[in-house]
Amino acid sequence: MGIFSIANQHIRFAVKLATAIVLALFVGFHFQLETPRWAVLTAAIVAAGPAFAAGGEPYSGAIRYRGFLRIIGTFIGCIAGLVIIIAMIRAPLLMILVCCIWAGFCTWISSLVRIENSYAWGLAGYTALIIVITIQPEPLLTPQFAVERCSEIVIGIVCAIMADLLFSPRSIKQEVDRELESLLVAQYQLMQLCIKHGDGEVVDKAWGDLVRRTTALQGMRSNLNMESSRWARANRRLKAINTLSLTLITQSCETYLIQNTRPELITDTFREFFDTPVETAQDVHKQLKRLRRVIAWTGERETPVTIYSWVAAATRYQLLKRGVISNTKINATEEEILQGELEVKVESAERHHAMVNFWRTTLSCILGTLFWLWTGWTSGSGVMVMIAVVTSLAMRLPNPRMVAIDFIYGTLAALPLGLLYFLVIIPNTQQSMLLLCISLAVLGFFLGIEVQKRRLGSMGALASTINIIVPDNPMTFHFSQFLDSALGQIVGCVLAFTVILLVRDKSRDRTGRVLLNQFVSAAVSAMTTNVARRKENHLPALYQQLFLLINKFPGDLPKFRLALTMIIAHQRLRDAPIPVNEDLSAFHRQMRRTADHVISARSDDKRRRYFGQLLEELEIYQEKLRIWQAPPQVTEPVHRLAGMLHKYQHALTDS
């Protein structure tokens, strides 16, 4: 496909984006909004953002959800802007400085919350700054400006949603159904690889792919939940399937690791059984039926615990999968599975990264303020706004540098494109509403196609072009104002990019170490006799951390294996029959406190000291288990955990 070619699958969304822009323009002019540009700009960003992220037409519900987040972010930003202005209107410089800190604070929060919800906080940060900068000439009009901005943005969002509904958005349900079938086959094939105990790299690749696919399925569940309330039952089942899929991965990998030391545990019966190849979910269904009969014949005690647990989880997966596909009423058996365990939310390991993002945003906004005051440029306020927008939106993404480059390319492309519209196309519409709508629809259509291709600069070009041509009724043509605005956008993006380059983010290694220590803490916390604590479901949170580790350190297999071993230890100890007595319970609490100290330690020396203390406590704990005559199901996983921590103590403590 050529660089300027148009694929059939891109046309519908391009028409949808053009419709959203035209609707927002028409409504803005009809109700004589003060700045209809904000409505048009909002409609374009809300519609195009999910398409750029998806690399194609977004699924149903994505645009609505993004619009909802934009409304929340705008209202938070407007309220914050009003509070800052009311409190500091007599000190304008201090007021702008506080706004810069507010933008940094919102970026800090957006770096810690779920990536789906971070958009609202990023928006709240620069909305307050926009309000404070815009009302500088007439501060008494602040409430009116805040209300107008909120109204225009809501109108733009409604127009984007109407355009989305008008062109029958894609449902993700069929993709979910197909992935559920395919994922079950992949889980069975992973178990086959682990029982064969072949090449470790092949197994690592297989379980790594399954972790990614399970995480992607969780993202599909979020999309399905946004799509319609009729999928509420499917959503509940998919949430449980996420845990079951992670359980299957854990049991398969533990089966592989067990054979490193005790290969005789996997009998020839099971080796021969898992030799049979499977291609479809129906093949897996038949094999599971046969496997359950084999287990019933051999007995639970003669079946390796990992295979027994794997079959139980796969059977539940199958049952819930059928319910998701049919979306029928939840029966009693399913309800028992769904009423399982409470999921635990883990503390973010990226606090240092979030603080770096805070300083990047705050310093870049302060730099923009100094640039504005030093130059006295009429478009200095535009520079500041662009800096805030770029840093607030870029910092919440994995590669902020590339996002800033995308904005630079977009603003550079917007200059000639905006010139064409401002000097040639729009003047020739001769104040005709129809011709103006057609001209902007053409812009939206072609940029909508480029956005779906994820062309570098396409998203920035769309927003920047609409921003500098300033659609108004009647249109006014002040070329110096246009040029100032266009150059202000470019300078703002360049300054933001400069700050991102200068304020280096060296938090990757620290984040990796914190993640690994959180895995250790989770494994230690599984050693408990507290019934409520044993019922807590840590598995989704642990695999979410593992997925972050994979993204932070692609190709670092030793780290992934260590993390996976800790997850396996956690699951095994969680189900282990630990003797119930006050002596062991008190020691469990002591070990959890020590593990927490390891995570929170700010220096290598303290971390090494607490980690050494944890290793000593594990030795004492093993002696206590012998005194209290704990069964091998307890002593063996504790011994393996202590051995792993001894082996990798330098990786877990040194910066």
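Cβ from N, Cα, C; glycine included.
These features come from Swiss-Prot:
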- 13-33: transmembrane segment (TRANSMEM)
- 38-58: transmembrane segment (TRANSMEM)
- 69-89: transmembrane segment (TRANSMEM)
- 93-113: transmembrane segment (TRANSMEM)
- 121-141: transmembrane segment (TRANSMEM)
- 152-172: transmembrane segment (TRANSMEM)
- 370-390: transmembrane segment (TRANSMEM)
- 407-427: transmembrane segment (TRANSMEM)
- 431-451: transmembrane segment (TRANSMEM)
- 482-502: transmembrane segment (TRANSMEM)
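With a threshold of 8 Å between CB atoms, the same-chain residues lying at least 6 positions outside the transmembrane segment (93-113) that come near it are 80-81, 84-85, 119-122, 124-126, 128-129, 132-133, 348, 350-351, 353-355, 357-362, 365-366, 369, 388, 391-392, 395-396. Within its own chain, the transmembrane segment (38-58) has Cβ neighbours under 8 Å at 9-10, 12-13, 16-17, 20-21, 23-25, 27-28, 66-67, 70, 119, 149, 152-153, 155-157, 159-160, 163-164, 169-170, 440, 444, 447-448, 451-454, 458-459, 462-463, 466-467, 471, counting only residues six or more beyond its boundaries. Beyond its flanks by at least six residues, the transmembrane segment (13-33) meets 39-40, 42-44, 46-48, 51, 56-58, 148, 151-152, 155-156, 159-160, 162-164, 166-167, 433, 436-437, 440-449, 451-452, 466, 471, 473 of its own chain at Cβ-Cβ distances under 8 Å. Sequence-distant contacts of the transmembrane segment (370-390) (same chain, at least 6 residues past either end, Cβ-Cβ under 8 Å): 103, 125-126, 129-130, 133-134, 136, 361, 364, 403-404, 407, 411, 484-485, 487-489, 491-493, 495-497, 499.
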